[in-house]
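As recorded in TrEMBL, the features of this protein are as follows:
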| type | residues | note |
| --- | --- | --- |
| TRANSMEM | C:34-52 | transmembrane segment |
| TRANSMEM | C:72-95 | transmembrane segment |
| TRANSMEM | C:107-124 | transmembrane segment |
| DOMAIN | C:127-413 | domain 'NADH:quinone oxidoreductase/Mrp antiporter transmembrane' |
| TRANSMEM | C:130-150 | transmembrane segment |
| TRANSMEM | C:162-184 | transmembrane segment |
| TRANSMEM | C:204-228 | transmembrane segment |
| TRANSMEM | C:235-256 | transmembrane segment |
| TRANSMEM | C:268-292 | transmembrane segment |
| TRANSMEM | C:299-319 | transmembrane segment |
| TRANSMEM | C:361-385 | transmembrane segment |
| TRANSMEM | C:405-430 | transmembrane segment |
| TRANSMEM | C:451-472 | transmembrane segment |
Amino acid sequence: MRENDVILQTVSKIAVFIILTFGVYLFLAGHHHPGGGFIGGLTLSSAFVLLYLSFDVETVNAGIPLDYRKLAATGVLISVCTGMGSLLFGSAFLSQTFAYFNLPLFGKTELATVVLFEAGVALGVIGVVVTIITSISGEV
Amino acid sequence: METIIILLVGVLVSVATYLLLSKNVIRVVLGTALLSHAVHLLLLTMGGLKRGSVPILGDQPETYTDALPQALILTAIVISFAVTAFFLVLVFRTYQQTNTDNLHELKGADNE
Amino acid sequence: MNNILVFPMILPIVAGVGLLFFRTSRSIQRWGSIAAMTAVFSISLFILTTVLSDGIMRLDFGEWLPPFGITFVADAFAMLLVSAASLVSILCLLYAAFARDEQREHFFLYPFLLLLTAGVNGSFLTGDLFNLFVCFEVMLLASYVLMTLGGERRQLVEGVKYILINILSSWLFLLGIAYIYGTLGTLNMAHLSLRIAEAGQPPLLTTISILFLVVFSLKAGLVLYFWLPGSYGALPTAVSALFAALLTKVGVYALFRTFTLLFYHEPNITHTIIGWMAVATMIGGSIGAIAYKDIRKIASYNVVIAVGFMLAGLAAFNLEAIEGAIYYLLHDILVKGLLFLSIGSIIYATGKTRFDEVSGLIVNYPLFGWMFFVTILSLGGIPPFSGFPGKILIGQGSIAAGEYVLAAVAFASSLAVLYSLIRIFLSMFWGEMSIRRKDQVPLTKGRLAPILILTLLTAGLGLGMNLLSPYVSEAANVLMNPELYINKALNKPF
C-alpha cells in the first residue's frame, strides 16, 4: 500500500545531503564548540532514517549495502583501540593529545587524536540507531 | 529558576508514576521514558543553573558553568535511550507472543 | 600509571565486539570467548598479587587527576571479586560451549556474556559513583538481552518485569547521584568519603544513604528480592549460573563499598537497618526455599538466603565479620555458579523441574550425584568445604558485636539451606530408579567438566584457606580503615 510520496522523496533526496553535511560539520566542530561524535553520529543517522522513511527498506539497502551491526561493532572497536593506543606511548588509558601541522591548502591545522576516538563513537551511534530503527520497523 | 525546574521534575515524576501504574504496557514504557527525563532535569538542576559561559579554556569569562552534570546527563540520556529502545522491542515481541498488552494478563508463570 | 587495571573490563569488551564479526563460526565464538576470559583471569590474579605486595593501585583515565577524572581503583577486595567472577565466567562459558544451544549462539550469546562480565568487572574496579552507574548499566543491558534471548514466552514475560524493576532501580540510583552531587559537589568515592567525614554525616546525608541502600538492595536482592526467583527460573542453564553467581554479588559489593567507605559514621541507623533487612531476607528466603517443589525456585531462593547472610556480616560491622563476609562472598560466587549448573543439568537430563517427579538418579549418574552432594555440603557450610570459614567468622563477628538475633537467624538459615537441598538430593537421587538406563539422556563430559572443576574448587578453597587468608585479611583491613583507600585513591591527603 504505497501512497503517492513524490514530494517526500524529492525533498528528502536534497535534504539528506544537507543533513549529512551538517552532521559532518557537527562532528568536526566538536573539538572547540558544541558538537562531537555522538551528536554528529545522531545527525548522520537521522539522514539514513529519513531515507528509510521516504523510500522502502529494500531500495535503501540496495543503494547503501552496509551491515549496520558490523558498522556499530567497528565503531566501538575503533573507540576502544584508540583508547588503548595511548598505552603504547606509556600514558594512561584514553589519554589524548594534539599538535599543529602545516598542511598544504589548509595552512596551520590542529590535528587531535580525539577525532579518531570520536569517529569511532560516531560510527557506533550510526550503526546502533539505524539497527534499532530498522529492526523495530521491519517487524511491524 | 531552580524552583521552577524542580516543580517541573515533580510534575514529570507524578505523570510517570501514573503511567507506570497503568495496565497497558506501552504506557508503562512511556512512563519509564518520562521518569528518566525527570531525573536528567534533576541532575542538571542539582549542578546549579548558573548563567556562566561555556566551560572551555581560552576565552576568559568571569564564571564557568559546571560541566560535570552535563557530561553525566549526556551519558544517562544515551543509556536511557538504549534501554527504552530495547524495552520497546521487547514489549512488542511479548505482545506478538502472548497477544496481550495488559500487564495483568502477564502475571504469574505458566507452569504453576 | 597502572594501565593493566583497565584490562579486566576492556578485554571482554574488545573480545565481545570482535566476536560480532564471526557470527557464522561457532567454534571461534566459543573458544575465543573462553580464551578472552582466561586472559582476564590471569591478569586479575597478577593484579591481585601486585596489590598485596605494593598496595592499592589506581588508574586515572586520560590522565585527569582525581577527583576530577574517572579512576579505577584496585584494592584487594575488588581484585578478589574480579578474579572469582572471571573464574566462574570461564566455567559458565565452558558449559555453554558444550551445551551447544545453537539458536542462542546464533543471536550473539557469547558477546553478551562477555559484555556482562565487562560490566561486572568494571563495577568492582571503579572508584567513581557515576562510573559505577555506567558499569551497572553495561551489565544490566547485557543481562536484559541474555534474559530475553531465545524469545520463549516465559522468558519474555519475566523479562518485562525484570527490566521494569531494573529501570526503576537505575532511576533511583541516578536520583541518589543527583542528590549527592547537589550536596557534596563530587562523585569520586574517596573524595566523597572525605567530604562526608568533614561534614560528620548529617541527617541529610544519612537519608541519601538510605536511598542508596534501597537501590543496591534491589540489585542485590536484599529484602527486595521479589523479582529474583521468577527471572532466574526462566533462563537457560549457563546464563542462569552466571546471573546467580555475579549479578546479586555486584549489588552486595556496592553495599559493602558504600557502607564501609562512604556512610560509616552512623552505624546505629544505617547498619541496624541493614541488619534487620538481612534478617528479613534470610527468613523470607528460607521460607521460599522450603515452600516450593520446583528445583529452580529452590535454587533461586538459596541465592536470596546467601545475600542476607553476607549482609549480616556488614551489619555486624567489625573486622571479623567483614572478613567472614568476604570469604563467604568468594565462596558464594563459585558455589552458586555450581548449584545453578547442577540444577540446570538435572533439568536437562530428566526434563522435569519438580523434585518429586524423578528418583534414583544416583544410579544413572553416579559422579554427578556425588558432586551434587558435595555442593549441598558446601552450601550448608560443612567444614572441609569453602562455605565453612565464612559462616564461622560471620557468626563470631556478629556475636562479638552483640547481634545475637542476627547470629541465630543466620545459622537457622544455614539449616534451611541444608534442608531444602537435601530434600532435592533425597528424593531425586535416592530411591527407586525412575529412568531406565536405555532411556537416560547422557550427560556429556563437556557438561560435567565445569561442574567437576567447580566442585574441586569449592573443596580446594575450603582446604587451602591459608593461601587465601592474607588477601582476605588485607581486603577486610582496607574496608574497615577507609583512610588507606582514600590515601591511595586521591593524590594527596586533602
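A Cβ is built for glycine as well, from the same backbone N, Cα and C atoms used for every other residue.
Since we're looking at a predicted model, the values are computed, not measured.
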Original post:
Would you call the transmembrane segment (C:204-228) and the transmembrane segment (C:268-292) in contact, using three or more Cβ pairs under 8 Å, pairs 6 or more apart in sequence?
Top reply: yes
Beyond a gap of at least 6 residues from its ends, the CB atoms lying under 8 Å from the transmembrane segment (C:107-124) belong to 8-10, 12-13, 15-17, 19-20, 23, 29-30, 32-33, 36-37, 40, 44, 78-79, 81-82, 85-86, 89, 92-93, 96, 101, 131-132, 134-143, 145-146, 149-150, 238-239, 242, 246-247, 250, 253-254
Same-chain residues at least 6 beyond the ends of the transmembrane segment (C:361-385) with a Cβ under 8 Å from one of its Cβ atoms are 302, 331, 335, 338-339, 342, 345-346, 349-350, 391-392, 414-415, 417-418, 421-422, 425, 428-430, 433, 435, 437, 440, 443, 448, 451-452, 455, 458-459, 461-463
Best-packed against the transmembrane segment (C:130-150), counting Cβ pairs under 8 Å over C:34-52, C:72-95, C:162-184, is stretch C:162-184
For the transmembrane segment (C:451-472), the distant same-chain contacts (Cβ-Cβ under 8 Å, at least six residues beyond its ends) come to 48, 52, 76, 80, 87-88, 91, 95, 323, 326-327, 330-331, 334-335, 337-338, 341-342, 345, 367-368, 371, 374-375, 378, 383-389
Highest Cβ pair tally under 8 Å against the transmembrane segment (C:405-430), stretches C:72-95, C:162-184, C:268-292, C:299-319, lands on C:268-292
How about the transmembrane segment (C:268-292) with the transmembrane segment (C:299-319) - do they touch, taking at least 3 C-beta pairs under 8 Å (6 or more apart in sequence) as contact? yes
